[in-house]
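Asks: Sharing a structure here in structure tokens format.
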Amino acid sequence: MISVAVNGYGTIGKRVADAILKQPDMRLVGVAKTSPNYEAFIAHRKGIKIYVPQQSIKKFEESGIPVAGTIEDLVKASDIVVDTTPNGVGAQYKPIYQQFQRNAIFQGGEKAEVADISFSALCNYDEALGKKYIRVVSCNTTALLRTICTINKVTKVEKVRATIVRRAADQKEVKKGPINSLVPDPATVPSHHAKDVNSVIKNLDIVTMAVIAPTTLMHMHFINITLKDKVEKKDVLSVLENTPRIVLISSKYDAEATAELVEVARDLKRERNDIPEVMVFDDSVYVKDNEVMLMYAVHQESIVVPENVDAIRASTRLMSAEDSIRITNESLGILKGYLI
């Protein structure tokens, strides 16, 4: 049983903490929070131990939230830390993890240099075995890598061109925008996603462009893949249908808009309406000779959660990729095939 700390209890952190509680081989030591907001109150209500910076102890206690200790205490009590702090903050905490000789999992908002390896479970789990510091790539990069590494099982992927329509903010991020604009992210090519993919697949020819859209629900990707050999559409659909963490969306559902997919998640009683699987629209899959085009939706709040769980096992050499992915999927109810 591995003891896991989660530093940060926001959009990703609370989902990772809940996922750890569902693993048969992990124990959640507690979570770190810096302010006593509603998320801290909910964590306390769930019985999760809360650790805070030394200077914040009084503020939490005055709010009625008992404190289990400092963030340093949390790190010392754990075998490994999943750092889900805001972009760039994880690198500031790394010296603490090093001080106590603890392994750590970082998120895609950190620079790749913060870790020994960037990670995507379906692509390079074995390369991450025993690595002390692992960086789980961002939500968009996770989706790109899952898709690319899956199609690579049909025949070698030689080139990728992708356009990413990014959500402007998570649903709780009320101070972010835009509200009525499309914003190039950036107006230069490539966007950072290509470099991020290359941090996992070193020599892949990939170019990405991105734009921010006024929505909070999901991202959308439109990708063009050039393969080494000619393929049939049925082979591409088959590998997508039979790969875990990817689901197909059929037009017969009459639910292709991201808002409709969120409603599907509600009706399926998904926790927090999460869909951690890449959602590929099956009618969008186009194949001609060695060229494949497709579009899919990405739920940015949950897609990296199973990757974090697998990264814990890879870092601590708990088990093989196949076993870890299977246990994670089963414990979190993650599907393959068609969503409905």
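Every residue, even glycine, has its Cβ placed from backbone N, Cα and C.
Pulled these from Swiss-Prot:
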- C139: active site, nucleophile (ACT_SITE)
- T11, I12, G109, R167, Q300: NAD(+) binding site (BINDING)
- S138, C139, N140, H193, A194: D-glyceraldehyde 3-phosphate binding site (BINDING)
Asks: Sorted by position, what residues of the same chain at least six away from R167 (NAD(+) binding site) have a C-beta under 8 A from it?
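Replies: Non-local contacts for R167 (NAD(+) binding site): I212, A213, T215, T216, L217, M218, H219, Q300.
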Asks: Between any two of T11, I12, G109, R167, Q300, the residues recorded as binding NAD(+), what is the biggest Cα to Cα distance in Å?
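Replies: With T11, I12, G109, R167, Q300 as the binding residues for NAD(+), the largest Cα distance is 16 Å.
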Asks: Out of I12, C139, A194, which of the recorded positions has the smallest number of neighbouring Cβ atoms within 10 Å?
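Replies: Relative to the other recorded positions in I12, C139, A194, A194 has the fewest Cβ atoms within 10 Å.
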Asks: Are there any residues at least 6 positions away along the chain from N140 (D-glyceraldehyde 3-phosphate binding site) with a Cβ closer than 8 Å to its Cβ? List them or say none.
Replies: I164, R166, H193, D196, A210, H219, H221, V298, Q300
Asks: Take the Cβ of T11 (NAD(+) binding site) and count every other Cβ within 10 Å, whichever protein chain it belongs to.
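Replies: Result for T11 (NAD(+) binding site): 18 neighbouring Cβ atoms inside 10 Å.
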Asks: Filter the binding-site residues T11, I12, G109 down to the ones within 10 angstroms of S138 (D-glyceraldehyde 3-phosphate binding site), Cα to Cα, kept in sequence order.
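Replies: Correct set: G109.
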Asks: If I restrict to non-local contacts, at least six residues apart, and a C-beta distance under 8 angstroms, what lies near G109 (NAD(+) binding site) in its own chain?
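Replies: Within the chain, G109 (NAD(+) binding site) has Cβ neighbours under 8 Å at P86, N87, G88, G90, S138.
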